[in-house]
Amino acid sequence: MKRKLSTGIIAILVLNLLLGVAAPTSMIHAASSTNGIRITMNPQNGASNVDPAATKSIKLQFDRKVQINKDSLKVSEKGKEPLSNIETVLSDGSPGKGTNEVTLLLPQLKYNTTYVVQAEEGNFVDAENRSIASPAIQYFFTTKTETAAGSTNNAVNAGAAEETSPLQMLGVTPLGGSTNIPVNTEFTMIFNRNIKINNESAIVFKKKENDAQLAVQVRASGSGLFIKPVHELDKGSRYYLYIGAGAAADAQTGAVYMNGWEGLYETETDKNSSEAPVLQSGEITNNTIILKYSKPLGTNNSIATTGFKVVVNQREREISKVYSSGSYLYIELVTAIEASDLVELSYTPKASNKLVLSSGQALAEISSYKVSNTSSKSTLSEPPAAQGMPSFVTAISSSNFGLGGYLLNLSTAKSSSSVSVGGQNISRYTIGAAQLQEAIKFLISVNTNKSKREPLIFEVPTTEKAAEVAIPLGALYEGYNRGKPVSFSIKYNETMYELPVEEIPFAQMAKSLNNGTLSVDSLNTLYLIIQLEFVSPDQISIPMTINGVYVNQASDPIRIRIIVVSESDASNLNAATHLFNISHAGKLYLRITGSKVTSANATLVKYDTVSKTIIPTPSKISGSNGTLVFSGNPGGNTANSGAGASGAGSASGQTGTGSGADEGSTSSGAGSSNVGAGSAASDGLIVGLASGAANYGDTAKHWAKADIDELTAKFVVSPRKSDSNAFEPDQNITRAEFAEYIAKALGLGTDIKEAQVYPDVKLDTRGGYIGAASKAGIITGYPDGKFRPDQYITREEMALMMVRALNYGKYEPTLNGTPAQALTKFKDASKIRYQEAVAKTVRAGVIQGVTTNTFQPQGNATRSQATVMIKRVLDKLNLE
């Protein structure tokens, strides 16, 4: 005869189970039969000596999905009222769907304090809506006693790690790639430290189907970043969430989140509908046809290709793979589909290949379904002119600069007299506002569904001594307000300068205007003026050798000047009294034909005429060695004259502050858009093509000779001493040398002011590069505030800096699995402090082990090894 357990015994067993109290196996089994739930708690129930500085959250993990009243969980100091600033995050983001994990984001905890976590009775139910927490949940933990300052127990000892761990995102709720999420989902990003919002504009939420950006409410609480769409999402739709670098910062130190993150989500559909999924739309991306259905199809990664047929321009195209995810069916082809191709898709279900969905229904037949190369809303067969191209606009190919676009006819501008910065009498071309508005409207329509934007181009006649184009700011602002990508380019001789309209700092201009507001009408009295003028090489006074590297100017330098001026001041820019100096957020294209210049021996450079040096600009190179196109972002203005100028942009275009004792801060990206109001115009930025050379006497037979020579030609590395021809490839590299080289490789200018935070750094050119790299968040100092410039860099320190350099260049190295799994081949993996950084650089091929099974994290790197690794970083960033 079986014995029955009383309700009281069952309640006691469940309570013991919830509180982590051990029980005999048979009794646990008996408790489970009464719908008890096993909860794993972190920190554990009864834990003592918990570190309050490191404990940013409490996790409750359940052995089944439960529904929970989020407001029922309370955290309090023992004997006191519950804390009011607790955030509750569910693992799937939705209280109504059930969750396996709850995270409570905490404020800063106190030392030597007992904290109690409790939930009221009846607030947890299972999938059948049965209460599974009859007694109240209550458990506790105690934090450790604070250690006196200077104690040997302090986590930071002399000679400890170079820097604290960077601000990192620990998790996202819901996970990126989730399907069937609720239409009222709030997205949560959990970080390793308490955060604050640093740049809300770096957070972008878009609907995938039409690329429309949607409004969101953003808030930070504890270590959580919370993003809530203002309006309920559409059912059965896909959405992109982008968290850009710089969106969040450490609440205490200001160190900025560097990595960036993005995820794709699909919302739930009507569950109660018994109708089969209906094909709603189709689109093509590269070699993949994407079909959207009215209901989820289920996830199937290996659907048979038989029965599917794709016809491109009346010829059948081979299919490589078919799979489904959420409400979408994906058909991958062996080759890509061009923009002008006519595509038809068919699916004929047969007994042998019938596609049965997770709902048990079969996918319906598809007969000659026409698919667009951009979206189901546009027609490919219609030529551009028929889609509303103005008569004064001409489509041009990408043959000249590797970039196609739409050319404004010369008739759209009026010519008048002007004077260049160099004092030449030149012509100014002022574009008509009405024609520009019409052209921008057309440009937006053709660029909406393109993966790569094509600019609107105005070409200045080659007979002109210099190029000067005045663009009505009101027309550009109207294009900006449409929220679509628009770029305007000036083409002159063998150069072109492209400026994305969203980089024009309209908001900062509004603050400087009398009424503080902007409108198309008010901006129609202002003009954005772009001036391109070639400069004679003998006018820039650059020495023949810099740091022991011979300088060869491979092209005439060109001055780029970008200002905003009022109509009344436009007659004489050099004497104008009210204007804005715009930092150089655009891209320069420079074409070289019939030259001995190659992609390996030259680069774009900025000429610093004050310090009489050059700053390499990372370049992308296209074409053959007969005709090469160098393109790159020149960065910020070299000067911003005039009283009251603010934020005109340093040579590196950086913002932020540095810290020698912490992770450091980062940048808003090279060439960030800033504006300075001044009393006189900036003379602009001088850029050109140059090649460096050094007659090294110790690299002729060295294994790294090719990379050393290439980065010397690009002014990144140089002889160890300026009066010597020795590179010393096998000598250890110092922290100062590496900081200088990585700063040059990324096109950062010197920043003496930032270098002043380190008492042991000389305020010279090398110190300026240390300051620039520190400001960009790539290198930082030690806990004692010093940088230790002459100390040799370790291999793991270099790996950490390489990851930051990649992140700065908007490249995110990834891992398949955990860092520990990626490092299992190294016998000394346990000695690696920065395991994630080392694992990412190893997987990316930037750094390798000393042997096949040893990494030597505390070993030093040589100058040649550092050079090769910097070259690999540039290759990953697709830069030369």
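Using the three backbone atoms N, Cα and C, a Cβ is placed for every residue, glycine included.
On a predicted model such as this, the values are computed, not experimentally measured, just so you know.
Summarising the annotation, TrEMBL assigns compositional bias 'Low complexity' to 636-654 (among others).
Annotation comment: TrEMBL describes 662-674 (among others) as compositional bias 'Low complexity'.
Annotation comment: TrEMBL describes 691-752 (among others) as domain 'SLH'. When the domain 'SLH' (691-752) is classified with DSSP, helix, strand and coil residues number 21 helix, 5 strand, 36 coil.
Annotated domain 'SLH' per TrEMBL: 753-816 (among others), in sequence order. Here the domain 'SLH' (753-816) is broken down by DSSP into helix, strand and coil counts: 28 helix, 2 strand, 34 coil.
What TrEMBL records for 821-880 (among others) is domain 'SLH'.
Annotated region 'Disordered' per TrEMBL: 625-674, in sequence order.
In terms of DSSP helix, strand and coil, the domain 'SLH' (821-880) has 29 helix, 2 strand, 29 coil.
On the 0 to 100 pLDDT scale, the model's mean across the domain 'SLH' (691-752) is 92.
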